[in-house]
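**Q** From TrEMBL, for reference:
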type     : residues                               : note
BINDING  : A:Asp55, A:Asp100, A:Asp262            : Mg(2+) 3 binding site
BINDING  : A:Asp55, A:Ser69, A:Asp100             : Mg(2+) 4 binding site
BINDING  : A:Thr70, A:Asp71, A:Asp148             : Mg(2+) 1 binding site
BINDING  : A:Asp71, A:Asp100                      : Mg(2+) 2 binding site
BINDING  : A:His78, A:Glu328, A:Trp384            : substrate binding site
BINDING  : A:Gly147, A:Asp148, A:Arg173, A:Ser264 : ATP binding site
BINDING  : A:Asp265                               : Mg(2+) 5 binding site
COMPBIAS : A:372-389                              : compositional bias 'Gly residues'
DOMAIN   : A:53-163                               : domain 'PurM-like N-terminal'
REGION   : A:1-21                                 : region 'Disordered'
REGION   : A:363-389                              : region 'Disordered'
There are 2 protein chains.
Amino acid sequence: MSTAERAGAQDPRAQGRGGDEARLTVADLGEEGLLARFAPLLPHAAGEVVGTGDDCAVLAAPDGRYAVSTDMLVEGRHFRLDWSTPEQVGRRAAAQNLADAAAMGARPTALTVGLAMPGTTPVAWVEGMVAGLGEACAECGAGVVGGDLVGGRAIVISVTVLGDLQGRAPVTRSGARPGDAIVHVGAPGRSAAGLALLSAGIGVGEAPGLAGRGPALAGLPRAVDAGTRAEARACLEAFRAPRPPLEAGPALARSGASAMMDVSDSLLRDGDRIARASGVILDFDEPATGEGALADAVASLMPVARLLADDEAAAWAMARAWALTGGEDHGMLATVPAEALGAPAGADRLPDGARVIGRVREAGDGESPGARVGGRAPGAGLGWDHFGG
Amino acid sequence: MSTAERAGAQDPRAQGRGGDEARLTVADLGEEGLLARFAPLLPHAAGEVVGTGDDCAVLAAPDGRYAVSTDMLVEGRHFRLDWSTPEQVGRRAAAQNLADAAAMGARPTALTVGLAMPGTTPVAWVEGMVAGLGEACAECGAGVVGGDLVGGRAIVISVTVLGDLQGRAPVTRSGARPGDAIVHVGAPGRSAAGLALLSAGIGVGEAPGLAGRGPALAGLPRAVDAGTRAEARACLEAFRAPRPPLEAGPALARSGASAMMDVSDSLLRDGDRIARASGVILDFDEPATGEGALADAVASLMPVARLLADDEAAAWAMARAWALTGGEDHGMLATVPAEALGAPAGADRLPDGARVIGRVREAGDGESPGARVGGRAPGAGLGWDHFGG
């Protein structure tokens, strides 16, 4: 909070809580008024030596190291004000950063948050966003230890996550070894399916907070069965407010994971990154075989795909593409030595929800390291080597 | 670098370095192409356990703690593309964050950088900005350990700084005690004067890189003497690309500073924050007495103020306001116990350039803690309790 130009002019008339609260804008309240409202919504970090409100926060690093990563979200690109409630946007901003720390095998300890926004932004929107962000942090024991509020043409949220490796070696993307199993924790493709639903007008314009709870689902015919509605809701929620399996990151590290990423861009794209950084082939199971966790994931997406596709074959292709090439699920994608799979119950066991979805093998003569599906190189049609997931 | 939607589409045709380099845009090159260009421009952090390119970087925290702060800069608010070269914008983005770490008494160790920008942004602009940012980091031994590139309507730069307290207690804003001296390292008011010059059209539209070197100064009459030109250049440079006295932060901490901030908003505004957090009065010397470092600062700004003011009295009032209420100088403002002033040469001595600019005293009965100038409360006319400096 240390630049001279701010989100809006401070107007003493707006400092009172009376008047038309719903129409109160960021410019009405000013930076100090906003900060006074946000402070109660933000959890403290466990290892907080100096909290928010000074030039810097100071955090403990018990093992003498810390993990750090920064991600930005831009209105109209990463979220839409008519597609998500402010709470969902805040939860998403937190989740994708918390997942980055977990994917190094770290426990997320704190976030800092930079927020650029027009002076016309309703205070209620910002308050909701901050509340959602704070909730996501509180659930995993992380704090919010500082940030910046500035004026801007569109809403831009920049989040930095700090993490504690708890004495373990960081799990990078370059350690995958031939013979390792590819393991995933999460529900691949749900976020992409949620985006597809919203793009088709399903779930758009729901009342704030309704998603996942109310009986209706805007844009959906009444005849759609309850199971399909439930899966559609889960997909919308995964896109709007992902809940990454944050515990699984450190747990996979304890199990001896050789490489790990959270799935930001897609199973195939991020798997390809691990493969290339490690100099190996990551061969994902082909869902078409009907066996294994990826086949299960595709099957669970089929009811939603049928809402959008003209026929069964098109629905299947759509569901398969969501699972393999859809982004922003923020599940944990790891490679683990084969011996970890059969580990007995205890500290080194794979975490609950971990499913094997492929195998790591050596790259053959003249073969480039990279991702495969059922032994075959993914075609350009899968879209996984282009931006935009 | 972990979101699905990016600054632009990757176009293989633009990957070659041939063609019209000057017209190459961010959308032409794509995120991976941009990253490949930036990597050589970015210094590594000294305590880098895992560098950029993974889900997180991992940094060493030798004393088991680290300082962290986030600041955002928005195009059109914190910088203008026609007022500053890209190198200057990058240097400024780095400087204001590095100063936040120094003002805790920490050595800045690393930055992460989030960058939102339109796809039409010239690659040359981004490259220049990153180079300026990297230079400012390299000069103080800090690294750049990660970040994010996303599309956006305007350029938004979000920087997070990490710092190492080197075993010392953090210097917060709440430790000022009656009897302490107010000490400052820097040239207060130069940045505000630079902004005033640019607002009056002086220095606008100079060729990139010219500021501070070339013989001309756009918009200035030829008759202006060399001394005035030199001071005007120093002011423009202070606004465009501040060089905070980063060494002075840890040095003041070693001298026993009881409270410290970098001057982001103004001497009076930030001094008022220290005073209120500490429950004391910070009484700054009145420049009108003609004696002391603040009087010297005002005197050195007078030649520049005369370029903009109608008469000598108006020039003096302008120079005084720049020094006391101008923001974004990022000098180090500290309170130090009186005994530190007379310390002999050695580890505990005040750093070079430290000047006494006032005294800390107890708040009297019924008196609110806050800043004073020459014993008097600054009026609203000083502007220091409003946004915008």
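Here the Cβ of each residue, glycine as well, is placed from N, Cα and C on the backbone.
Explain the structural surroundings of these features, please.
**A** Here A:Asp100 (Mg(2+) 3 binding site) comes close to A:Ser69, A:Asp71, A:Val161, A:Asp262: these same-chain residues lie at least six apart in sequence, with C-beta atoms under 8 angstroms from its C-beta.
A:Ser69 (Mg(2+) 4 binding site): 33 other CB atoms within 10 A of its CB, across all protein chains.
Cβ neighbour count for A:Asp71 (Mg(2+) 1 binding site) (all protein chains, 10 Å cutoff from its Cβ): 26.
Under DSSP, A:Asp100 (Mg(2+) 3 binding site) is assigned to a helix (H, G or I) in the three-state scheme.
DSSP assigns A:Glu328 (substrate binding site) to coil, not to a helix or a strand.
Under the DSSP three-state reduction, A:Asp148 (Mg(2+) 1 binding site) is assigned to strand.
Classification of A:Asp265 (Mg(2+) 5 binding site) by DSSP places it in coil, neither helical nor stranded.
Per-residue pLDDT, averaged across the domain 'PurM-like N-terminal' (A:53-163), gives 96.
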**Q** Counting other Cβ atoms within 10 Å of each residue's Cβ, which of the binding-site residues A:Thr70, A:Ser264 comes out lowest?
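**A** Per-residue Cβ counts within 10 Å for the binding-site residues A:Thr70, A:Ser264 bottom out at A:Ser264.
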**Q** To the nearest whole angstrom, state the Cα distance for the pair A:Arg173 (ATP binding site) and A:His78 (substrate binding site).
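**A** A Cα-Cα distance of 25 Å.
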**Q** Rounded to an integer, what is the Cα-Cα distance in Å between A:Gly147 (ATP binding site) and A:Asp265 (Mg(2+) 5 binding site)?
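**A** The Cα atom of A:Gly147 (ATP binding site) is 27 Å away from the Cα atom of A:Asp265 (Mg(2+) 5 binding site).
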**Q** What binding-site residues among A:His78, A:Asp148, A:Ser264, A:Asp265 are found with a C-alpha within 10 angstroms of that of A:Asp55 (Mg(2+) 3 binding site)?
**A** none
**Q** Please identify, from the binding-site residues A:Asp55, A:Asp265, the residue with the sparsest Cβ neighbourhood, meaning fewest other Cβ atoms within 10 angstroms.
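**A** Sparsest of the binding-site residues A:Asp55, A:Asp265 by Cβ contacts within 10 Å: A:Asp265.
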**Q** For A:Ser264 (ATP binding site), which of the listed binding-site residues (A:Thr70, A:His78, A:Asp148, A:Glu328) have their CA atom within 10 A of its CA?
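**A** Cα within 10 Å of A:Ser264 (ATP binding site): A:Glu328.
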**Q** Please identify, among the binding-site residues A:Thr70, A:His78, A:Asp148, A:Glu328, the one with the smallest Cα-Cα distance to A:Asp265 (Mg(2+) 5 binding site).
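**A** Nearest listed residue in space: A:Glu328.
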**Q** Can you tell me how far the Cα of A:His78 (substrate binding site) sits from the Cα of A:Asp148 (Mg(2+) 1 binding site), in Å?
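**A** Spelling it out, the Cα of A:His78 (substrate binding site) and the Cα of A:Asp148 (Mg(2+) 1 binding site) are 20 Å apart.
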